[in-house]
Each structure stands twice: as structure tokens, then as C-alpha cells.
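Undergrad: Under the heading region 'Disordered', Swiss-Prot lists 1-47, 465-543. According to Swiss-Prot, the compositional bias 'Basic and acidic residues' annotation covers 26-42. For 46-124, the entry in Swiss-Prot reads domain 'RRM 1'. Per Swiss-Prot, the feature domain 'RRM 2' maps to 134-211. Residues annotated as domain 'RRM 3' in Swiss-Prot: 227-304. Positions annotated as compositional bias 'Low complexity' by Swiss-Prot: 493-506, 514-531. Swiss-Prot lists 542-624 with the feature domain 'PABC', giving sequence analysis as the kind of evidence.
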Amino acid sequence: MTLENKAEASPATKEETTTEAAPAEGEAKTESSEEKGSKEDQGDNASLYVGELDPSVTEAMLFEIFNPIGPVTSVRVCRDAITRRSLGYAYVNFHNQADGIRALEELNYSPIKERPCRIMWSQRDPALRKTGAGNIYIKNLDPAIDNKALHDTFSAFGQILSCKIATDEFGNSRGFGFVHYESAESAESAIQHVNGMLLNDKKVFVGPHVPKSDRMQSFEEQKNSFTNVFIKNLGTEITEAEFEELVNKFGETSSVHLSTNDEGKPTGFGFVDYKEHDVAVKAIDGLSETEFKGNKLFAGRAKKKYERADELRKQYEASRLEKLNKYQGVNLYIKNLDDTIDDDKLRAEFAPHGTITSAKVMVDEAGKSKGFGFVCYSSPEEATKAVTEMNHRLVAGKPLYVVLAQRKDVRRSQLQQQIQAKNQMRLQQQAAAGGLPGQYMGNPGVFYPGQPGFMPPGRGGMPFGANPQMMMRPPMPPQNQFPPRGVPGGPNMYGAPPQGYQQGGFPPQGPMRGGQPPRSGQPGPQGQFRGAPRRKDGESRVADSISNALENAPEEQHKQLVGEALYPKVLAEKAIDGNAEFAGKITGMLLEMPIKEILEVIDDEEGLQAQINDAITAYNEYLNSQKEE
């Protein structure tokens with residue numbers, strides 16, 4: 001093979017391999033001119049893509065890393081629209097391209113939160129991003145080779161647009177990667193010089209990247225002319241000589257492989273590659289279902305791993321759908337069962353209404369009833385009759401709840417629809433009563449910090465300003481000058497509580513509703529707060545302390561004091577996922593409620609959680625409406 005010839009010509013050491021892979025002097029000059037042309041082709045583009053980021057990396061961290069290179073116009077960490085979790089990549093925009101070039105040279109593959117980042121020019125044209133020209137595929141890579149090592153190896157052949165090692169869910173290398181060159185000539189040069197060479201003592205394959213659609217089309221053609229045969233149930237006593245004798249009688253072979261374990265013992269299966277397709281078909285027909293040393297053999301076309309997994313997945317889905325269709329309308333769900341009810345008693349209670357095929361009470365690991373179970377009838381008519389007769393009937397002193405059983409995904413979908421309808425109705429009522437902002441202005445996802453005294457434009461804005469997932473600076477400020485913190489009407493630049501506040505503090509709210517101050521709680525004749533309503537089960541400690549503080553504070557500080565107590569509770573909610581920016585926005589929305597209502601729920605965990613969920617739903621609906629527009 002050509003790979004072996006190239007491998008023999010290549011030295012074994014890593015240093016020598018790298019030297020062997022480097023282009024000639026004339027090629028180096030060509031590469032230099034390509035780099036120059038690349039920079040010219042970038043035009044005025046000063047936007048960088050930053051990938052391989054830890055989910056906890058924020059705009060603030062990236063700003064502090066990139067701003068020393070040159071004035072940064074904006075930083076945006078891309079997040080999921082619903083969960084607000086980082087997608088692992090971001091965009092950094094500089095004022096001029098020279099700063100972007102320097103950042104690419106100095107910061108590419110530098111560690112951010114102990115993970116090397118991957119930086120390349122942001123390519124807004126999807127046609128250029130998806131083009132296959134200049135894209136090469138490298139496999140059989142040593143696990144120790146990372147993105148930087150791959151980039152260093154292949155950068156000698158031309159300007160690289162992107163370079164990536166494929167990894168699993170744990171971040172470990174999968175042994176292959178991709179390098180996208182600016183020109184097809186650079187890609188061809190890399191293939192000629194590196195294909196079949198040793199990298200970290202492993203011979204690598206380098207070839208043009210073939211899109212998956214083209215690979216699948218080619219694969220379908222290969223399936224109709226296969227020559228590789230898989231044979232199993234050979235037993236563990238078979239020898240290589242016996243296996244070769246078994247398969248060679250059908251025709252000439254290219255290779256024969258009997259699988260063995262670490263100890264060299266056969267594992268019971270093997271592969272045979274025949275030279276002709278017709279011979280492979282003949283071997284399958286001749287070996288399938290035949291006896292060999294007491295075992296019935298199986299022979300068939302050798303399949304790729306992903307192909308076998310896909311077939312198993314399809315078989316599982318078909319079996320699952322068959323079961324679901326079989327039990328549709330005949331399986332009942334029963335809950336509120338007494339602990340004394342077991343399978344036999346459950347069957348006896350429901351037996352008068354039809355023929356029962358199965359009855360099961362669900363139990364925990366200790367064998368104790370979970371209080372619910374299932375009964376399956378032979379026909380939908382019997383199941384419907386049982387629901388009519390047994391629903392709300394007293395059994396062992398407890399009324400039963402009996403309905404047709406539903407799949408978990410159907411049940412979840414119906415529940416989400418019910419919650420959404422309920423939240424929409426509640427939000428409409430609150431908007432009509434002024435409980436929550438009825439109108440959102442400005443562009444969500446962009447936050448403009450400005451000079452001291454800056455106010456976000458628009459009325460009806462959210463108390464924390466628009467979604468501060470994108471940080472922007474005023475046009476061309478002095479280099480290394482950060483925007484001020486604690487901007488009225490919004491969070492500080494990074495979406496966290498402003499400096500000067502205690503841990504868990506909350507920033508003061510700026511003017512809203514067209515410049516009018518936010519509504520307060522229950523002011524007295526001189527604007528003093530009358531205090532929170534008393535609860536029947538005793539005053540809550542948090543609400544009581546807030547009430548005392550409000551009585552001694554000016555009216556304009558009421559929202560601030562309540563926010564300082566409310567913000568840490570919102571931040572601790574599971575749905576917020578520790579996102580300080582998101583917690584700030586939701587807290588600001590809750591502060592649009594009357595203070596009296598806030599104090600009523602601030603110590604009620606379920607009540608506060610319901611209000612938070614309503615606010616999250618309202619915010620997500622707003623984002624979706626903006627996308628539709």
C-alpha cells in the first residue's frame with residue numbers, strides 16, 4: 001500500500017516527522033503570500049469566533065482576556081434561548097482588524113478556565129462555512145494530540161480557517177479531526193506530505209473531507225457490491241487453519257481474520273474479504289445455517305458499527321410502537337391505592353368489569369406499595385366500563401382515581417400545554433392590572449453600557465434592562481477603559497449585582513413606565529410603609545424584618561430593600577441555574593408586583609416558585625415573539 005511506502009520513508013521520532021512534514025522553502029514562500037492574501041480577503045472583518053469554552057465562561061471573563069489586545073466593541077456568549085445555558089462558543093468584536101489578527105495569533109488555544117479555546121475568524125457567509133474545498137479529514141490520531149498540536153502540524157502547508165479534534169462527551173479525543181484550509185492547494189499539499197506518516201508513533205490517514213450525504217450515497221453503492229463477510233457462532237476451539245479452510249472453499253480471498261481475545265483465544269467470530277462480490281454472496285449462502293462443530297453458523301455482509309446500531313435502534317422503536325398500539329385504550333392507571341392492596345387484590349377489584357390480562361401494583365426497592373398501579377383489559381370497551389364504574393369508588397377506605405394510562409411524553413406534553421394556557425391567562429390578568437410590564441422595548445440580547453448618567457432607551461423596559469448576554473461599549477472609547485458599573489435602569493456591565501452591595505444584594509431600579517417611579521407597597525399618609533400583612537400561622541422572619549426596614553426607610557428605597565431580600569431567593573431557584581444575569585431579570589419583573597404581594601409569598605416556597613415560573617414563562621414568550629417578528 002502507498003501508506004506503508006510513505007511510512008517507511010518517514011522517520012519514527014516526532015521531531016523528525018515534523019521536519020519531514022514541513023513544506024519546502026518555495027512552498028513556505030507561497031504559504032506566506034497566502035496568509036497575506038487571507039488578511040486582505042478578510043476586508044474589514046474584525047469579528048472572532050471563540051469556541052471550546054467552558055459553560056461557566058461569561059462575557060466578563062472574555063472581555064478581560066481580549067480587551068488588553070485592543071479596544072473590544074462587543075462580546076457575546078451564545079446561549080440556549082430557553083435554559084440560558086452557554087452553548088460553549090462566543091463572538092468577540094474588535095474596533096479594527098489589526099487587533100483581531102493579533103488576538104488570533106496570541107490567544108488561540110490559550111487556556112480559559114483550564115480549557116484551551118479555539119479562535120478563528122467569524123464567517124457570516126454560510127456557503128463559505130459549509131464548502132468542502134480545502135477541508136481535509138485526518139484519522140488514526142494519537143489521543144495525546146489536541147487542537148493546538150494538530151494546528152501546529154498542519155499550519156505549515158497554508159492558512160488554516162479552522163482546526164478541530166473530534167471529542168466524546170467527556171472531552172476525550174475520538175482519534176480523528178478536521179482541518180479547513182483557505183485554499184484547495186494547501187489542502188492538497190497537506191495530504192501529499194502527511195498522509196501515511198507517523199505522528200506520535202501512529203500512522204495517520206489524511207484525505208479530502210467527504211460530506212456525509214456523499215458518503216452515504218457511496219455507501220449504498222458499496223452495499224450492492226460488498227465483498228466482506230461476517231461469520232459468527234464458530235466456537236472457541238476453532239483454529240486459524242480450520243477457519244481458512246472453511247472459507248477458502250468458496251473462492252479466492254483477499255484477507256481472512258479470526259477474532260481473538262487478549263489471551264489469543266478465539267472469540268467465536270471472524271471476517272473474510274473475498275476478491276469478488278459473487279463469491280461473497282456464494283459464501284453467505286453456503287455457510288448460513290450450516291453445522292460446524294455442533295454450532296449453527298451465521299454468515300452475512302459485514303456491517304459498520306453505526307449501521308448495526310441504527311438497525312438495533314429501529315428494531316427497538318418498532319417494538320416499542322407495537323406495544324404502545326397493542327395496549328392503546330385498554331391499559332388503566334389507578335392511583336390512591338391503600339398500602340394493603342397488592343396485585344391479587346387489585347385484580348379482584350377490577351375483575352367484574354372484564355377480562356384482565358395483567359394487573360400490577362408498583363412498589364419501591366423495599367417492596368412497599370407506591371400507591372398506584374396498572375390494570376390491562378382485553379378490549380377497549382371493558383377498559384372504558386371499568387373507568388366509569390371504578391373511578392372515585394372507595395376501596396380499603398380510599399377513593400380511587402382511575403383513567404386510561406398515557407405515555408410519559410404525551411402526559412408531559414399535555415401538562416405543559418395546561419401550564420402554558422394557565423400562565424398566559426395569569427399574565428394577561430397581571431398585565432391588565434399593571435402587575436408585570438405589559439410591553440417590552442429594545443433589542444433583547446444586547447445591552448449598552450454608557451457613560452455616567454446613561455439611561456437605557458425606551459419605556460416599559462425590564463428592571464434589569466434588556467437581556468445582558470451581549471456586552472457593548474460606546475463607540476471608540478479610550479483603550480482599556482471599562483464602562484462604569486451600577487448603571488441606573490440596568491445591571492452593571494456583567495449582569496451581576498453592582499459593587500458596594502452586600503452579598504446577595506440587589507441593584508436599585510431606575511425609572512420605568514415612561515419615567516414614572518415603580519409602584520411601592522402600601523404607603524401611609526406621609527409615604528411610610530404600613531408593613532406586611534400578618535399571617536395566621538405566625539409572622540415570617542424575612543417578611544417581618546423587611547417590614548421593619550421599610551417602616552424606617554424612605555419610599556424611594558422600598559424596592560431596593562425588597563430586591564435585596566428577593567434576589568438571593570430567585571438566584572437559588574433550580575430553574576435559574578445559578579445565572580446571575582437571568583436572576584436579575586426575573587427579580588426585576590417580580591418587583592413590578594405590589595410590595596404587599598411580594599411579602600405574602602417571599603417566605604412561601606411554593607408560592608414564590610410559582611411567581612418565578614410565571615415570570616420565566618413571560619420572559620421566554622417575549623423572546624419567542626421577538627424571534628417571530
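Indices start at 1 and increase along the chain as displayed.
Note: Cβ is positioned from N, Cα and C throughout, glycine not excepted.
Can you tell me where each of these features sits in the structure?
TA: On the 0 to 100 pLDDT scale, the domain 'RRM 1' (46-124) averages 89 in the predicted structure.
Note on the domain 'RRM 2' (134-211): DSSP counts are 22 helix, 30 strand, 26 coil.
Note: the domain 'RRM 3' (227-304) comprises 20 helix, 30 strand, 28 coil (DSSP; helix = H, G, I, strand = E, B).
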